[in-house]
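Trainee: Have a look at the structure that comes next, please.
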There are 4 protein chains.
Amino acid sequence: MSHIINVAVAGASGRMGREVVRMVLEDPELKLVAAVATSAGPVDAGTLVGKPDTGVIMSANLAEALSRCKADVLVDFTNPKSAMPNAETALAYGVRPVMGTTGFTPEQIAELDKQCKEKGIGGLIAPNFSIGAILMMKFSAMAAKYFPHVEIIETHGDQKLDAPSGTSIKTAEWIAESREEIRQGNPNEEEVIEGARGGYYNGFRIHSVRLPGVFAQQEVIFGAFGQTLKIRHDSYDRAGYMPGVNTAIKKIMTVTGMVYGFEHFLD
Amino acid sequence: MSHIINVAVAGASGRMGREVVRMVLEDPELKLVAAVATSAGPVDAGTLVGKPDTGVIMSANLAEALSRCKADVLVDFTNPKSAMPNAETALAYGVRPVMGTTGFTPEQIAELDKQCKEKGIGGLIAPNFSIGAILMMKFSAMAAKYFPHVEIIETHGDQKLDAPSGTSIKTAEWIAESREEIRQGNPNEEEVIEGARGGYYNGFRIHSVRLPGVFAQQEVIFGAFGQTLKIRHDSYDRAGYMPGVNTAIKKIMTVTGMVYGFEHFLD
Amino acid sequence: MSHIINVAVAGASGRMGREVVRMVLEDPELKLVAAVATSAGPVDAGTLVGKPDTGVIMSANLAEALSRCKADVLVDFTNPKSAMPNAETALAYGVRPVMGTTGFTPEQIAELDKQCKEKGIGGLIAPNFSIGAILMMKFSAMAAKYFPHVEIIETHGDQKLDAPSGTSIKTAEWIAESREEIRQGNPNEEEVIEGARGGYYNGFRIHSVRLPGVFAQQEVIFGAFGQTLKIRHDSYDRAGYMPGVNTAIKKIMTVTGMVYGFEHFLD
Amino acid sequence: MSHIINVAVAGASGRMGREVVRMVLEDPELKLVAAVATSAGPVDAGTLVGKPDTGVIMSANLAEALSRCKADVLVDFTNPKSAMPNAETALAYGVRPVMGTTGFTPEQIAELDKQCKEKGIGGLIAPNFSIGAILMMKFSAMAAKYFPHVEIIETHGDQKLDAPSGTSIKTAEWIAESREEIRQGNPNEEEVIEGARGGYYNGFRIHSVRLPGVFAQQEVIFGAFGQTLKIRHDSYDRAGYMPGVNTAIKKIMTVTGMVYGFEHFLD
């Protein structure tokens, strides 16, 4: 009897994909059985991550790769366009999709949930695999019940395109759900320099700092009578997401239906 | 019909006691009915806190003061020696004790719980009334389940006598209860300067910083693969504890038996 | 022979003014000789600050007060409108003005400098007496030479009217003087929520956080290859400015002419 | 006429050495002319750092390598035992040594200085090439003049052997030089848990935090009346030292004699 989980990786040559390949190769409870990347040539997957040959040759086509191996789980870090077809391909082969890709519509999620249940297997769509980031969001929502006055400061590398970050908006949504909307600050407040008070969300503010050398950091600050409470998560590199992906691969074997949000895998 | 709660304050001339007197006077749902301090003369309680006369003259004897008024709740910020007799005196008069004093033994708590139940009223012993500090402890215990590697840094004014602080030890206890004991760090670690690695507790470390200008701050840091999670509470003055004492006075009216720890009054 | 400096205080009944009165009374090298406040009645200045009688009765008129005492220094925490006339009144009586009030025009400063030099005495106009804040600004300007990528986050109480704070703008000016203007961040950056990226100044950003319970805090963050450098000043109450005012009173005795900016009194 | 500087690297296969090789290959003003590592085979230096062939074959012997190329500068990240002989070998060949290795005695430094001057060239011994860390130390020494009450908290990965870190001890030395020794804290202070107050140095304390996921962080906290000033440097990876090594290689060409401490290369 074996508990080894067979893992296929889509988007294997990307920055996150390579971390997944490396993590799978290093966990004796997991076995790499396929690695898919549209642009990579037919090299051994080990080469991509500076490791010895694995016997798994990179493949350009997901369906073909899944047809040749007995994968239990597909980990997909591709792009919003490929995500839905990849998830459906996985399910067609009875493979549990663990999707690190964003951009699914509610209808698509419902459809995938239906297909999961028909196959009697689980699936996961997770915009964020960081256990630390999810704890930060969870604690922030809990604290907002007692300390409704809050602001969020998130810091990312200076080449990031969008502001505020997806994680900060998600955090803001969780906070908004757990407290009444209050318009914070002085009603007669005036910005001497436009934008100084940050982005407005549900009565509070989100501030986006962009600096070279930073990977991803966020601080949620609650202010109350004579005190402040701060919850801060600093992420130093992509490898920090791997404990979460690892947990997801193992938990997905025990559920049925499509789960949205990695937070549901934390107690 | 009135919902006004009659409040007596013991230790009324101390630093915390005066904050309680001020808070009670400022809340229209509360009424100051007695103020006890062994060393204060028979002046009006308002004088102590820079407020107009209240009609409540300071008293040197708790039993006598309680016999002359219909108090619902006694808030006690005295000292470990007076705490037990004061709580028993309150209960003898059917007054709910809210004890901000430390040093009760388990036997004493059990005895007070018995007396509370005989009278059919509630009581509270709370080493810490800070909602923010309690959330910090709660979140720390939750985080330790996922991130067992942790250290605590607490900072207080430079005249504080004991290190580490009571709050940091309490936090450490909560963390120890929610994770397996692991001896963190390099087993061959060497202190070039003795004490640099801080105080040892259940496999992790507590560091006590003492600096002028600081009231009370604590940061709990969790380290994991590629990330750190920090939970930090900064308390700027004693007034920051009053929302907690206020909540306690109101909640105590609705419970029976002796409650240990203000955290039980937070959902 | 005596080194005692005789101090008059204008705006003595305001929040800063009372701190100054208290500080002067507590320093044996200083002597309170006049306390002026337009709205206060003729009470003893000690009453204002919860101290025993000082023999100095509050006065409503500065010129009259200065005519009756031999003041060496006037400390003025009034308002922009009274500041210029008060400084000139002081100089007319040969009293050195230490002005904690903002709003002087360059012409007014030049005029006061002329009057100072005619009298052969010194004067000071200082928007900020915080030694810590000035060190933060000084270090920030020094760091910007090596780390040109920078952002400023300042946090104040939630009732503050203007954003960003005067101190943060002053810091930004110092930084701008010590580095070349560079437009930081991704040129194609997009704000999903307007204002998220903060206020723009000389290529970098200033973020203003407003939360209850906070007095005044500022953090200047420099980001570079693989590292961040942070300089942070937390001010907990008005009393934190008093060491600076005290230093100013003593240094002003040794200079001639009007000095602008307390930083010139730090080596 | 060419300004290209020819660089040899000793300890080229180590973690720092490889970063240096990479940095040299990426700077068009520098040219890699030798790469020495006792344990590496005769492979091309590019292979070590995942780059194309460079034409420089790894060498096991420094003297032999230097005899075969016209190096201007030797960058050495080896170990305390090899450091002195390597520096002397470099000087024997007229090559400027940039030593990132610790453990030189004052006598050895004096001897190397003599040899540098005989050859009319410069040399550098630098325990720390981080510009950010050096600014942190410099600012700390400056702040200590005004704020003598200080503590240091340094955080490193949990497998680090020594505590406190070399950088924190260096910072402590700089602080000790710029203020009078004062024994901080309450003289009757008591450690409930031994070591909680950290390591004692010149009247103040150093605290060493060790957590997985952290590379190198240090915060110097100054406490004074109503305020705290913090100077913090977070280093995320070894690459963060390379701007400093790069600067050193270029500056060393312009000096004569042995310089101790990279701080002397910052204005």
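Including glycine, each Cβ sits where the backbone N, Cα and C put it.
All annotation found in TrEMBL is predicted automatically rather than curated by experts.
Below are the features listed in TrEMBL for this protein:
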- D:5-129: domain 'Dihydrodipicolinate reductase N-terminal' (DOMAIN)
- D:Gly11, D:Ala12, D:Ser13, D:Gly14, D:Arg15, D:Met16, D:Asp44, D:Gly100, D:Thr101, D:Thr102, D:Ala126, D:Pro127, D:Asn128, D:Phe129: NAD(+) binding site (BINDING)
- D:Lys51: NADP(+) binding site (BINDING)
- D:132-266: domain 'Dihydrodipicolinate reductase C-terminal' (DOMAIN)
- D:His156: active site, proton donor/acceptor (ACT_SITE)
- D:Lys160: active site, proton donor (ACT_SITE)
- D:Gly166, D:Thr167: (S)-2,3,4,5-tetrahydrodipicolinate binding site (BINDING)
Trainee: What does DSSP assign the residue listed as 'active site, proton donor/acceptor', in three states?
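Mentor: Assignment for the residue listed as 'active site, proton donor/acceptor' reads strand.
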Trainee: Using the residue listed as 'active site, proton donor' as the reference point, find which of the binding-site residues D:Lys51, D:Thr101, D:Ala126, D:Gly166 has the shortest Cα-to-Cα distance to it.
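Mentor: Of the binding-site residues D:Lys51, D:Thr101, D:Ala126, D:Gly166, D:Gly166 has its Cα closest to that of the residue listed as 'active site, proton donor'.
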Trainee: Give me the DSSP three-state residue breakdown of the domain 'Dihydrodipicolinate reductase C-terminal' (D:132-266), ordered helix, strand, coil.
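Mentor: Per DSSP, the residues of the domain 'Dihydrodipicolinate reductase C-terminal' (D:132-266) fall into 49 helix, 43 strand, 43 coil.
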Trainee: Looking at Cβ-Cβ distances, which residues of the chain lie under 8 angstroms from D:Arg15 (NAD(+) binding site) while being 6 or more apart from it?
Mentor: D:Arg238
Trainee: Out of these binding-site residues, D:Gly11, D:Gly166, which one has the fewest other C-beta atoms within 10 Å of its own C-beta?
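Mentor: Minimum Cβ neighbour count within 10 Å, taken over the binding-site residues D:Gly11, D:Gly166, occurs at D:Gly166.
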Trainee: Which three-state DSSP class does D:Arg15 (NAD(+) binding site) fall into?
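Mentor: The residue in question, D:Arg15 (NAD(+) binding site), is helix (DSSP, three-state).
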Trainee: Pull out the recorded positions from the set D:Ser13, D:Thr101, D:Ala126, D:Asn128, D:His156 whose C-alpha sits within 10 Å of the C-alpha of D:Thr167 ((S)-2,3,4,5-tetrahydrodipicolinate binding site).
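Mentor: So far as Cα distances go, the recorded positions lying within 10 Å of D:Thr167 ((S)-2,3,4,5-tetrahydrodipicolinate binding site) are D:Asn128.
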Trainee: Mind pulling out which recorded positions among D:Gly11, D:Ser13, D:Lys160 sit under 8 Å from chain B, Cβ to Cβ?
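Mentor: Near chain B, the qualifying recorded positions are D:Lys160.
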Trainee: In the structure shown, which of the recorded positions D:Lys51, D:His156, D:Lys160 has the fewest other Cβ atoms within 10 Å?
Mentor: D:Lys51
Trainee: Let me make sure I understand the span of the NAD(+) site: among D:Gly11, D:Ala12, D:Ser13, D:Gly14, D:Arg15, D:Met16, D:Asp44, D:Gly100, D:Thr101, D:Thr102, D:Ala126, D:Pro127, D:Asn128, D:Phe129, what is the greatest distance between any two Cα atoms, in Å?
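Mentor: Looking at D:Gly11, D:Ala12, D:Ser13, D:Gly14, D:Arg15, D:Met16, D:Asp44, D:Gly100, D:Thr101, D:Thr102, D:Ala126, D:Pro127, D:Asn128, D:Phe129 as a set, their Cα atoms extend up to 29 Å apart.
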Trainee: Would you mind reading off the Cα separation of the residue listed as 'NADP(+) binding site' from D:Ser13 (NAD(+) binding site), to the nearest angstrom?
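Mentor: The residue listed as 'NADP(+) binding site' to D:Ser13 (NAD(+) binding site), Cα-Cα distance: 14 Å.
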Trainee: Report the DSSP secondary-structure composition of the domain 'Dihydrodipicolinate reductase N-terminal' (D:5-129) as helix, strand and coil residue counts.
Mentor: 49 helix, 28 strand, 48 coil
